[in-house]
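Engineer: Copying in the features that TrEMBL gives for the protein in this structure:
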| type | residues | note |
| --- | --- | --- |
| DOMAIN | 420-620 | domain 'Major facilitator superfamily (MFS) profile' |
| REGION | 295-319 | region 'Disordered' |
| TRANSMEM | 39-59 | transmembrane segment |
| TRANSMEM | 65-84 | transmembrane segment |
| TRANSMEM | 96-114 | transmembrane segment |
| TRANSMEM | 120-141 | transmembrane segment |
| TRANSMEM | 153-172 | transmembrane segment |
| TRANSMEM | 184-206 | transmembrane segment |
| TRANSMEM | 420-442 | transmembrane segment |
| TRANSMEM | 454-474 | transmembrane segment |
| TRANSMEM | 486-506 | transmembrane segment |
| TRANSMEM | 512-535 | transmembrane segment |
| TRANSMEM | 547-565 | transmembrane segment |
| TRANSMEM | 577-599 | transmembrane segment |
Amino acid sequence: MTHGAPAKKTPTNDDEEVVPPPDGGWGWAVVFGSFMIHIIADGFTYTLGIFIVELMWYFDEGSERTSWIASIMVGVTLGSGPIVSSLVNKYGCRTITIVGALIAAFGLGISTLANGVTTLYVTIGLLAGFGFGLIYLPAIVSVTCYFEKKRSFATGIAVCGSGIGTFIFAPLTEALIKTYGWRGALLIITAITLNCIIFGALFRPLETTRPRRKRTTSEMAVELAEKEKLMAINEESDNSPTDSARRSVDDIAANGGTRQIVQDKPTSNTLTVSTAVGDASLARMARSQPHLLQVPGDVAGEDSRKFGSYGNLPNNRDAEMGMTVSSRKGSTAETRSHHGGSGVMYRKDALYSGSMLNIPEYRADPKGFSGSVMRIPDDAGSGTTNENEKVKVCGLIPCSKESYDAYKEMMDFGLLKDPVFILFTISNFCTSIGFNVPYVYIKDKALELGIPSADASFLLSVVGIANTIGRVILGYISDKPWLNRLWLYNGALTVCGLATAFSAFCDDYVSLIVYCASFGFTIGAYVGLTSVILVDLLGLEKLTNAFGLLLLFQGIASLVGPPIAGRLKDNLGSYDAGFYLAGSMIAISGLMLFFIPCLQRWTKSKTKVSDVSTKMAPIH
């Protein structure tokens, strides 16, 4: 780590408080921008198969070689997720989206000059793929930043643009190619892609802190009552100091605190309390009645082990008394002031698109949740910062601290030691192998049955509208407490896989429409419920890490899926084998996840045995 200018001291934030997500207001403009970006980006991506058919004829290439265009683009879009996350954490959603739109449009624009599919591997695959990758992540994160209570509804509207975009772009692309050829059609879509700049500009950064307002008389009365309550509890400390200390902290926690005690020094009798109740006023109370929070050192040590530690950001004024009273809100504000970047990826729930009522911490304390989801960087409590500070990734590439933190969080392979996550990753990998095969080849499969080109392209529109309906219905059902979300997810993938495998028996237009509707509806679970299932299985704390690793493996799987199906078509003369393979992979991915409850029980029992062995081990 290199250092430039002298470090500056982090300012205190006693006069600032966290601004909770507005759950409306400008947030609806952000939802609109995200919705339109999904229409454009996913609309083009999922209908690229129409271009693939045209390019096969134009360049006289086989299915495998031509399909690499789509595979590389999707693989780069997904695989670049961790890199995009690091950039978003430094520069924010708006800037990265605009840059991504420019790169994607540039890649598509120069593709019109290509004289072979190899050139398109670079222009559409790498350039446009990376550009859409820069658009994909901010389109989700920007919405989650603005919504908390209405997050599920808001993100649901935004991602519905994906299915609607597929529905619109399929006939649009067909008409443009028929009228202007594939080069002219691609040039027009390039212009459409540039509109993502306008929609990305709607992603206005959300102010996370504001000046703390003055307390009203009624609020001060409540504060005084709380103070008297603590004093009354302390009177019992002579008889039972341990119980008194525990009850005092529990009372704080019941009113929105973090229920945390951290011993400052091993021999100190003073407790460091982090709470969202009293803020600076609790510090003033401690000055006038410092004995209220004094307990024997052994009690502090015992309770600190029980409660754990969320983080201790020292406040100079309170430290002079031997104690720190730092609210979760103050921690968030200090994190933002310490880092010059957007810091949006420091939020544990940045990638969570489900209902917040699914989060136990939110149900327990909705008001305090907003201030607790911000991760505290490793050096946040050091009191120093350096705007020019750089970190070298792998010792080679210099980047900002914000970028490094986000990248490190997403690419922490330590999570692969978790058996449950390993199984989920394998399942996700299998799903991704088969996911893009229908999108790339369904039109060509229909053409082989003698179906007109316009009708064949419309099959993708059927997939798109069914996908929209599926996301809405499956998302709504998944929020019901009486339903096991994991079983819903597994069942949808299994049905989707079986439908794809049996699509080989579809020999007319009606049967293909039925298949496309089934595929679009059920595959919506894979896209829409992944983050929710991850939180159910691993917890919100590990969501960013898990999502980053999944994006990496999804990118690899998406890279190889369509070319394998294309190779089978070139060798066997039919798409049936490719659809068998894709369907089998998707069905297997759903079936294997039914073993997760058994794996969880085994892991839990193994952990208990390990804990017992540790406790029984002799002490030397």
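Yeah, the Cβs are placed from backbone N, Cα and C, and that goes for glycine too.
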Engineer: I'm a bit unsure how to read this: which one of 39-59, 65-84, 184-206, 420-442, 577-599 has the highest number of Cβ pairs shorter than 8 Å with the transmembrane segment (120-141)?
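Structural biologist: Answer, by Cβ pair count: 65-84.
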Engineer: Is the count of Cβ pairs under 8 Å between the transmembrane segment (512-535) and the transmembrane segment (420-442), pairs 6 or more apart in sequence, 3 or more?
Structural biologist: yes
Engineer: Could you give the residue numbers and ranges of same-chain residues that sit at least 6 residues beyond the transmembrane segment (96-114) on either side and whose C-beta is under 8 angstroms from one of its C-beta atoms?
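Structural biologist: Beyond its ends, the transmembrane segment (96-114) has Cβ neighbours at 37, 41, 84, 87-88, 120, 123-124, 126-135, 137-139, 142, 183-184, 186-187, 189-191, 193-197, 199-201, 203.
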Engineer: Mind checking which residues reach the transmembrane segment (65-84)? Cβ under 8 Å, same chain, six or more beyond either end.
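Structural biologist: For the transmembrane segment (65-84), the list is 45, 48-49, 51-52, 55-56, 59, 96, 117, 120-121, 124-126, 128-130, 132-134, 136-138, 406-407, 410-411, 432, 436, 439-441, 547-548, 551-552, 554-556, 558-563, 565-566.
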Engineer: Does the transmembrane segment (153-172) reach the transmembrane segment (454-474) with at least 3 CB pairs under 8 A, where each pair is 6 or more residues apart?
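Structural biologist: The transmembrane segment (454-474) and the transmembrane segment (153-172): touching, yes.
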Engineer: With Cβ distances under 8 Å as the criterion, find the stretch in 39-59, 184-206, 577-599 that has the most pairs with the transmembrane segment (420-442).
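Structural biologist: The stretch with the most close Cβ contacts to the transmembrane segment (420-442) is 577-599.
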Engineer: Among 454-474, 547-565, 577-599, which stretch has the highest count of C-beta pairs below 8 Å with the transmembrane segment (486-506)?
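Structural biologist: Against the transmembrane segment (486-506), the leading stretch is 577-599.
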Engineer: Given the cut-off of 8 Å on Cβ pairs that are 6 or more apart in sequence, determine whether the transmembrane segment (39-59) and the transmembrane segment (577-599) share at least 3 such pairs.
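Structural biologist: When sequence-distant Cβ pairs are counted, the transmembrane segment (577-599) does not touch the transmembrane segment (39-59), since fewer than 3 lie under 8 Å.
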Engineer: On the 0 to 100 scale, where does the mean pLDDT of the domain 'Major facilitator superfamily (MFS) profile' (420-620) fall?
Structural biologist: 91
